[in-house]
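A.B. asks: Just dropping this structure here.
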């Protein structure tokens, strides 16, 4: 019996092959298939943000000035969220709210959903770009895996949290002072700093900063003196094959300092990857919990005792009172559409009053 081995031949001008060849060609700025998602989305997200912070008011959604045109600066300008009455509408330009009127669309907060959605897909496109390039040059995909952490935080804070609340209104607006307001809101209404997922996130981010500082200093400290240049950067050839620092010396140093030390580079660098990525993912999970109004730690026994005994107070009970103050002062200012009015006697006062 005769068996013929072979493969099907494609047409020379196959459209997919032509596109693949052009997109993945070696050029100064790599495009790739991921670029079809990344570049348009990043362009629209950044363009929408610059347009909103320059020209668009938040008077109709928050009762605020939020653009350079109205007198804001870089720290106070923002692309603000839509009004609470619009709930979770995508606010498409051609939708029933704006009906194709660009000015009305901006006034309603359409730029926020535009920036948020294009920003999310732009970040995903950037992660796919790292996957694609890693595959092209036969690297492992850990860069892309690491970048999933900030994507998780962005999606949880800007998309999932407001989806769990009554509308996009409760998401952060895109601006520096606006993010600060959102942080205060998270503390006052969710007691976020006492949430264990926030604690893990802080440990991850600050732990990663500590690891970076220690790692950079250790490598600098153990560089081989194999050149006669005046400083670190002149003393080495960037294309040299051998390593430029002594892992053995570093291991001896930290073994004497702490009693333990990393014995190989793979475990050391994986740990530097693991700490911040895990911390950010834990924060993202915590924010998803807040979207469902899950509570942080409650030390009820301390609250009861503080209520019964005026002389008993802890940092926890003080923070609970501060949160009540944030809610009382912030709700009326932050949600003008609710027409909230708090009697003077329920507003928090300083001890001197």
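Every residue, even glycine, has its Cβ placed from backbone N, Cα and C.
According to Swiss-Prot, the protein has these features:
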- 118: chlorophyll a ChlzD2 binding site (BINDING)
- 198: chlorophyll a PD2 binding site (BINDING)
- 215, 269: Fe cation binding site (BINDING)
- 215, 262: plastoquinone binding site (BINDING)
- 2: N-acetylthreonine (MOD_RES)
- 41-61: transmembrane segment (TRANSMEM)
- 125-141: transmembrane segment (TRANSMEM)
- 153-166: transmembrane segment (TRANSMEM)
- 208-228: transmembrane segment (TRANSMEM)
- 279-295: transmembrane segment (TRANSMEM)
A.B. asks: Compared by Cα position, which of the binding-site residues 118, 198, 262 is the closest one to residue 269 (Fe cation binding site)?
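C.D. replies: Minimum Cα distance from residue 269 (Fe cation binding site) across 118, 198, 262 lands on 262.
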A.B. asks: Who are the chain neighbours of the transmembrane segment (279-295) in space, where the CB to CB distance is under 8 Å and they lie at least 6 residues beyond its ends?
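C.D. replies: 148-150, 152-153, 155-157, 160-165, 186, 190-192, 195-198, 200-205, 207-208.
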A.B. asks: Consider the binding-site residues 118, 198, 262 and say which one has the Cα lying nearest the Cα of residue 215 (Fe cation binding site).
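C.D. replies: Smallest Cα separation from residue 215 (Fe cation binding site) among 118, 198, 262: 262.
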A.B. asks: Give residue numbers and ranges for long-range contacts of the transmembrane segment (125-141): same chain, 6 or more residues beyond its ends, CB-CB under 8 A.
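C.D. replies: Distant Cβ neighbours of the transmembrane segment (125-141) are 24, 30, 32-35, 37-39, 41-42, 147-148, 151.
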A.B. asks: Six or more residues out from either end of the transmembrane segment (41-61), which same-chain residues have a Cβ under 8 Å from its Cβ atoms?
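C.D. replies: Contacts with the transmembrane segment (41-61): 67-70, 72, 77-83, 106-109, 111-112, 114-115, 118-119, 121-122, 125-126, 169, 173-175.
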A.B. asks: Please report the Cα separation of residue 198 (chlorophyll a PD2 binding site) and residue 262 (plastoquinone binding site) in Å, rounded to an integer.
C.D. replies: 28
A.B. asks: Count the Cβ atoms, other than its own, that fall within 10 Å of the Cβ of the residue listed as 'chlorophyll a PD2 binding site', considering every protein chain shown.
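C.D. replies: The answer is 22.
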A.B. asks: Indicate the candidate from 118, 215 with the smallest number of other Cβ atoms within 10 Å of its Cβ, considering only these binding-site residues.
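C.D. replies: Taking 118, 215 as the binding-site residues, the minimal 10 Å Cβ count falls on 215.
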A.B. asks: Including all protein chains shown, what's the count of other C-beta atoms within 10 A of the C-beta of residue 262 (plastoquinone binding site)?
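C.D. replies: A count of 19.
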A.B. asks: How many whole Å apart are the CA atoms of residue 262 (plastoquinone binding site) and residue 118 (chlorophyll a ChlzD2 binding site)?
C.D. replies: 42
A.B. asks: Quick one: give me the count of other CB atoms within 10 A of the CB of residue 269 (Fe cation binding site).
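C.D. replies: For residue 269 (Fe cation binding site), the count of other Cβ atoms within 10 Å is 14.
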